[in-house]
Structures are given as C-alpha cells and as structure tokens.
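K.L.:
Relevant sequence annotations retrieved from Swiss-Prot are reproduced here:
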- Gly8, Arg9, Ser10, Gly11, Ser12, Gly13, Lys14, Ser15: ATP binding site (BINDING)
- Asp56, Val57, Arg58, Asn59: GTP binding site (BINDING)
- 266-283: region 'RNA-binding' (REGION)
Amino acid sequence: MVLMIVSGRSGSGKSVALRALEDMGFYCVDNLPVVLLPQLASTLADRNISAAVSIDVRNMPESPEVFEHAMTQLPDSFSPQLLFLDADRNTLIRRYSDTRRLHPLSTKNLSLESAIDEESDLLEPLRSRADLIIDTSEMSVHELAEMLRTRLLGKRERELTMVFESFGFKHGIPIDADYVFDVRFLPNPHWDPKLRPMTGLDKPVISFLDRHTEVHNFIYQTRSYLELWLPMLETNNRSYLTVAIGCTGGKHRSVYVAEQLADYFRARGKNVQSRHRTLEKRK
C-alpha cells in the first residue's frame with residue numbers, strides 16, 4: 001500500500017491533486033499533522049487502503065527530524081511517497097489575484113510576494129526529499145489530474161519510472177527535471193521549409209535526423225551515461241527519474257531524441273513514460 005504525502009507551495013494545486021488521488025481510490029486527508037501519520041496508516045493497514053495526505057506550511061513540523069521520525073513509525077505494509085507540487089512565482093501571484101484568497105502566511109503581515117518566498121524556504125526540506133516534483137505553471141486543473149493518473153496508475157510498485165520529456169529552451173527549463181540535456185547543437189529541421197510545420201514524431205523529420213551521425217552519437221552517449229548510473233539510482237529509493245531533453249522550440253530535435261531514448265529503455269524492460277511539453281501546449 002502507498003502513503004502518498006502531497007506537499008507544495010500554496011496555489012500550486014494540492015487540492016486538485018488530492019481530489020484526483022481520491023478518484024483513484026486513495027483515502028485522502030487534508031492537512032493532517034505529521035505526528036498523526038503513523039496512526040492513520042495503522043488504522044488503514046487492516047483495510048488494505050492506500051492513503052494520501054496533504055502537508056503544507058500550516059502543518060509543517062518544527063524540524064525535519066519530526067518528519068523523518070514519523071516515516072520510521074509507519075507500518076511495514078505502507079510505502080511512503082512524497083509528491084511536491086510547485087509553480088513559478090508569477091503564476092502563483094496570478095492565481096492568488098484571480099481567486100482573491102489570502103495566502104496562509106499573510107497573517108504575519110507579509111506581502112503576497114514575501115509570503116510566497118518565505119513559504120518556499122519553509123517547504124524546502126520536503127521539496128528536497130520529494131520522489132516526484134511537478135511544475136503546474138502551464139497546467140490546467142484537468143491536465144494535472146490526468147498527469148497524476150498517468151504517472152501513478154502507470155507505475156509498477158517499487159520500480160523506478162523513467163520519464164523522458166522534451167521541451168523548448170525559449171519556454172524555460174522544466175523544474176521537475178533530474179537531468180537536462182541540451183540538443184540545440186544538432187542539425188535543425190526547422191530550416192527546411194517542408195519540415196518546419198512537422199514535429200519530431202513525423203516520419204520525414206525522423207528520417208532527416210536519422211541521417212546525421214552526430215545525432216546517433218549523442219543518443220548513444222546519453223543512454224550510456226544513464227545506463228551507467230541507473231543501477232545506483234534504482235537502489236536510491238526513488239520512484240521517478242525525469243530526463244529533460246531541450247532544443248530551441250521543443251518541436252523537432254528534443255522530441256525525436258526523447259522518443260529514441262524512451263524506446264531504448266522501454267525495450268529493455270524499464271518502466272518508461274514520455275512527454276512533450278511544447279506539443280502538449282499546441283493541443
């Protein structure tokens with residue numbers, strides 16, 4: 001059974017995540033004090049029910065040691081996972097402006113901007129421990145719920161899930177990435193007028209990139225690097241490894257390379273997901 005701990009900055013989507021987890025069959029509790037986590041897990045253990053609990057700045061323990069101690073007290077039948085949701089500063093400010101809600105730290109006579117920054121510092125111990133970090137800046141409510149369903153229901157228990165995602169540097173680097181590889185030096189299909197409207201999923205673009213030795217060398221060396229360190233990552237008690245591949249616009253080269261890497265590791269029995277940020281925005 002899973003004990004999913006959901007945390008993140010206010011306005012990043014924790015309530016949406018809890019609702020999505022509840023739809024997936026999790027027993028959900030909002031803002032449960034950390035010291036009560038073992039008691040909740042023990043209560044649910046006999047019922048064979050996975051649980052999801054949100055922790056935010058209002059019920060953060062005074063020290064990281066309190067959280068670590070609570071994790072050691074969980075029943076053996078529960079596997080804890082920490083999901084951390086985040087969004088960029090401007091997005092959080094806009095969301096608060098749209099909803100006109102008060103930030104939890106506004107009671108300390110802080111401005112909204114200062115409250116967001118202080119909250120980030122207070123939550124850093126949880127963020128650094130997270131199994132999965134999701135940047136919701138560009139996501140709708142439905143997209144976040146769908147991503148959680150895909151990543152959680154598509155994951156085999158106790159196995160590292162490799163996530164290969166393409167992106168465009170002009171849109172910013174994904175904050176949930178564990179590794180970032182820059183492929184802007186590879187031959188660019190954008191300069192071929194026939195290929196420009198296509199993507200790295202289309203056969204003509206694939207054929208174009210397949211013709212270049214440097215493309216194959218990059219893919220070979222990148223997968224060799226990942227294969228070298230994958231055994232250590234798998235034994236490091238992590239649930240996800242997110243590898244981000246970036247080109248200028250996130251449409252051609254990064255998409256192709258991400259798919260090639262995903263196919264390679266999938267063929268070797270790894271649990272793999274692929275995602276293309278720029279292409280998803282165009283839908």
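Glycine residues also receive a Cβ, built from the backbone N, Cα and C atoms like all the rest.
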K.L.:
Sort out for me which one of Ser12, Ser15, Asn59 has the most neighbouring CB atoms within 10 A, since those are the binding-site residues we care about.
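P.N.:
Of the binding-site residues Ser12, Ser15, Asn59, the most buried by Cβ count within 10 Å is Ser12.
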K.L.:
Need this for a regression test: binding-site residues Arg9, Ser10, Gly11, Ser12, Gly13, Ser15, filtered to those with Cα within 10 Å of Asp56 (GTP binding site). What's left?
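P.N.:
Those close enough are Arg9, Ser10.
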K.L.:
Please name the residue among the binding-site residues Arg9, Arg58 whose C-beta has the most neighbouring C-beta atoms within 10 angstroms.
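P.N.:
Buried the deepest by this measure is Arg9.
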K.L.:
What does the DSSP secondary structure composition of the region 'RNA-binding' (266-283) look like, as residue counts for helix, strand and coil?
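P.N.:
Going through the region 'RNA-binding' (266-283) residue by residue, I get 8 helix, 6 strand, 4 coil.
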K.L.:
Around Arg9 (ATP binding site), which of the listed binding-site residues (Val57, Arg58, Asn59) come within 10 Å, judging by Cα atoms?
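P.N.:
So the list reads Val57.
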K.L.:
Whole-number Å distance between the CA of Asn59 (GTP binding site) and the CA of Gly11 (ATP binding site)?
P.N.:
16
